[in-house]
Amino acid sequence: MRAVYTQLSYQERRRIEDWWHAKVPVAEMARVLKRHKSTIFREIKRNFWADDAFPKKYAGYFGMAAQARHHDTHGS
């Protein structure tokens, strides 16, 4: 039997963003969202934004940008 995967929703990405900025542990995010820790780590790693032209305080994970990237890659 094949595993069934569901992609993160916009609401989940926004919650990850809020929690990331609040420094909530990934294990806690995963527990509340009922996702595996690796899913959360992978989401943050893939969609983390940083630019050397800007101060580090502007770097981070942004749920809306992550969702836009998802739509660009996978369509609606």
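Yeah, the Cβs are placed from backbone N, Cα and C, and that goes for glycine too.
Summarising the annotation, TrEMBL assigns domain 'Transposase IS30-like HTH' to 5-47.
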How does the domain 'Transposase IS30-like HTH' (5-47) divide up by DSSP, counting helix, then strand, then coil residues?
-> 31 helix, 0 strand, 12 coil
Model confidence over the domain 'Transposase IS30-like HTH' (5-47) (mean pLDDT, whole number) = 94
